[in-house]
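Colleague: Before I ask anything, let me first share the structure, which is written out below as structure tokens.
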Amino acid sequence: MPFLFVSGTGTGVGKTFSTAVLVRYLADQGHDVLPVKLVQTGELPGEGDIFTIERLTGIAGEEFARFKDPLAPNLAARREGIEPIQFDQIISWLRGFDDPDRIIVVEGAGGLLVRLGEDFTLADVASALNAPLVIVTSTGLGSLNAAELSVEAANRRGLTVLGVLGGSIPQNPDLATMLNLEEFERVTGVPFWGALPEGLSRVEGFVEKQSFPALDAFKKPPAR
């Protein structure tokens, strides 16, 4: 059962829309895809990232946990006075979707080193499942540093970063943004997959024009 983890250089960089694009792309290649949100914070019942992904792709997903306050998951649990997420619980839950022909696309919470529980991060979960990563980055001033730091943190932990994807680019990008698009691949050392247009509301028409060769490494499902 292959996993693909999607992490960001921070919060609000376009990670959910990027996850939706990757989910739809894999589904269009004939894969059985299950989108998963590990932890949602700060959203009302029936709202949040996993519902956005379903709305954009038409593919329903699963969510492990949610907390009321828009905080890092361990802090949100602490504030609510409930037991924090346990590492073994989340690994067991993910492995419960066991199906050799399914790809589980896992959206993290914030960045790679955000604490999901008191003593573990998204990087630890990805490592335990031997899962590759896609890093979603902002594209404006300061983004090169954030992207390089995220890729370096992943590499130090023995994780494979398949690519860096810009979560949002304005219709009229400024000079810093335009130059950053040319530099991401050089400074991170991994392929840069381009950037999603700001205000993207549908993924189907957009995905049809995209190519993510690194995702072709996932075994194609048998013809039926």
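Cβ coordinates come from backbone N, Cα and C, glycine included.
The feature ATP binding site is assigned by Swiss-Prot to 12-17, 107-110, 167-168, 197-199, GLU204, with sequence analysis given as support. The Mg(2+) binding site annotation in Swiss-Prot covers THR16, GLU107. Look at Swiss-Prot and you will find LYS37 tagged as active site, backed by sequence analysis. Here Swiss-Prot flags THR41 as substrate binding site, drawing on sequence analysis.
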Colleague: Under 8 Å Cβ-Cβ from THR16 (ATP binding site), six or more apart in the same chain: what's there?
Modeller: ASP49, THR52, ILE53, GLU107
Colleague: Out of GLY12, GLY14, GLY167, PRO197, GLY199, give me whichever of these binding-site residues has the highest number of other Cβ atoms within 10 Å.
Modeller: GLY167
Colleague: What does DSSP call GLY14 (ATP binding site) in the simple three-state scheme?
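Modeller: It is coil.
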Colleague: Of the binding-site residues GLY12, GLY14, ALA109, GLY199, which sits closest to THR41 (substrate binding site) by Cα distance?
Modeller: ALA109
Colleague: Measuring Cα to Cα, how many Å separate GLY12 (ATP binding site) from LYS37 (active site)?
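Modeller: Approximately 15 Å lies between the Cα of GLY12 (ATP binding site) and that of LYS37 (active site).
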Colleague: What is the interatomic distance between the Cα atoms of the residue listed as 'active site' and GLY14 (ATP binding site), given in whole Å?
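Modeller: The separation of the Cα atoms works out to 14 Å.
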